[in-house]
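Taken verbatim from TrEMBL:
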type	residues	note
DOMAIN	218-431	domain 'ABC-2 type transporter transmembrane'
TRANSMEM	235-254	transmembrane segment
TRANSMEM	266-283	transmembrane segment
TRANSMEM	312-340	transmembrane segment
TRANSMEM	352-372	transmembrane segment
TRANSMEM	379-401	transmembrane segment
TRANSMEM	469-487	transmembrane segment
Amino acid sequence: GSAISGGMSFEQKKRLSIAVELAANPAILFLDEPTTGLDSRSAQIIMRSIQRVAASGRSIVCTIHQPSAVIFDAFDSLLLLKRGGQTVFFGELGHHSAHLIEYFESIPGVAPKPPASNPATWMLEVIGAGTGPSAGGTMDFHAFYNQSALCGINTTHVKALCPTPEPDIEDDIETGVNVADSGDVLIDNFSTHANLGNYDITGTTEPVYKYNATYSAQFKLLINRFHLAYWRSPTYNFVRVVVSSLIALIFASTYAQQKYTTDVDVIARVAVVYISAMFMGVVNMKSVQPVILEERPAFYREQFSKLYDVKLYVLAATLVEIPYLIVTSLCFVVPFFFIVGFDQGDVTVKFFWYWLYSALYMSVMVFLGHFLSSSMKDAAAVDVLGGMLSTVISLFGGFLIRPELFPDFWIFMYWLDPLHYVIEGLAVTQFNRDHTLVTLTGSGQVVTAHTYMHSFYTEWRYAHRGYDVMALCLFIIVLRVGTYFSLKYVRHDKR
């Protein structure tokens, strides 16, 4: 949110971004202009927070743009570059930038720093990067730095920290060191070790984790996170429950306890099953897309910091969805099933099958929304592709065109359509052993509703109901796997 809508302010978002990076427990933290866009008070709050983090033992590297004297004084060291990326100064600033001022004033042709002036502004004017003319004349500050004692000290320090390896033509297998004949390639034991999952398989018994928390801790925290996020999203969960109930009441009241005495009446009964299932699927797919798109930027930031495994993220999102899908499907099925009048014969069995197929199809469409939102670039692309898929699903579901009438070229779409398995399962389970007598239009023959359904939809069988459930479950698995690969390998952020 924004400060206007009651959300976080710009300064609070900056601090939250830093906190998210710190959750990965990094040894070094890079911050790109953390005070840009903030007023002086907010900038000082950010810098105090950064100083507290630095005091805990972490190294922090910041790029800074035109800092005030107070903010500039908060830094310990400075790397100053001129245009072209050439080093002009690299060292400790000292108290109130005393070392920096002493260094530049020692350069021939540089005027002393005016009293009470900002050292950051003064040094930029000296090297010609300020708003006014250069205060350093024609001096080549990069060349002066290369010949200075400060550069010599820094070079010696770097060589001490990163010693040049001795050339060796033999491979030390036990240490994992492999040095080429030229002596300029060094591969340490970390790069030659193979990893399996989160563990090192080179013989050590100590687990080497890619993340700062174990899989169980990550999974527990992700479950809690999604649970709180869903609980705090009434615009998503409460609305879809209400919409499901309203759709059930609207469609059911239209077909309330209607008698079916002809074959046309039977087809009309199948039609309301088809149209209500299709409508509920589209509503669930569309409602979840804004939620996932809003969550995606935070996921990208957290993945950049390697806070958790993507597999656990997808699994947690799946498990947290299940209770809401159960409630939503029940809110639809309970009024619809009884008002339309499917409560004939073995009511318990018929109700169970109707709820199971409805819940599975809603799950397929919700997870299709997850997949589209995680793989497409923006909301416009998701809406376009989602609308196209909804049309294709409704066309090849097997009701508008019976399976036996499909052209041979398009029959594969019938088998790839999740709505086909839902409509087949609902039709055969609700009309199974239905001995209601119906009159066939034209011939005047009287048969049972069960017999007519079996003769009209020759490809649909009661024995297929278990396979229909397995097919819907397979769709869910494929969509979740697709979502995992999209989140892991597809990036639409600008980082």
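Cβ coordinates come from backbone N, Cα and C, glycine included.
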Worksheet item: Are there residues at least 6 beyond the ends of the transmembrane segment (469-487) whose Cβ is under 8 Å from a Cβ of it, and what are they?
Response: 299, 303, 310-311, 313-314, 318, 356-357, 360-361, 363-364, 367-368, 370-371, 374-375, 418, 421-422, 425
Discussion item. For the transmembrane segment (379-401), give me same-chain residues lying six or more residues beyond its boundaries with a C-beta closer than 8 angstroms to one of its C-beta atoms, as numbers and ranges.
Written reply: 270-271, 274, 278, 281-282, 285-286, 289-290, 293, 368-369, 372-373, 410, 413-414, 416-420, 422-424, 457, 459-460
Fill in: Close approaches to the transmembrane segment (352-372) from elsewhere in its chain (Cβ under 8 angstroms; 6 or more beyond its ends)
277, 280-282, 284-289, 292, 317-318, 321-322, 325-326, 328-330, 332-333, 337, 342, 382, 385-386, 389, 418-419, 422, 425-426, 429-430, 465, 468-469, 472-473, 475-476, 479-480, 482-483, 486
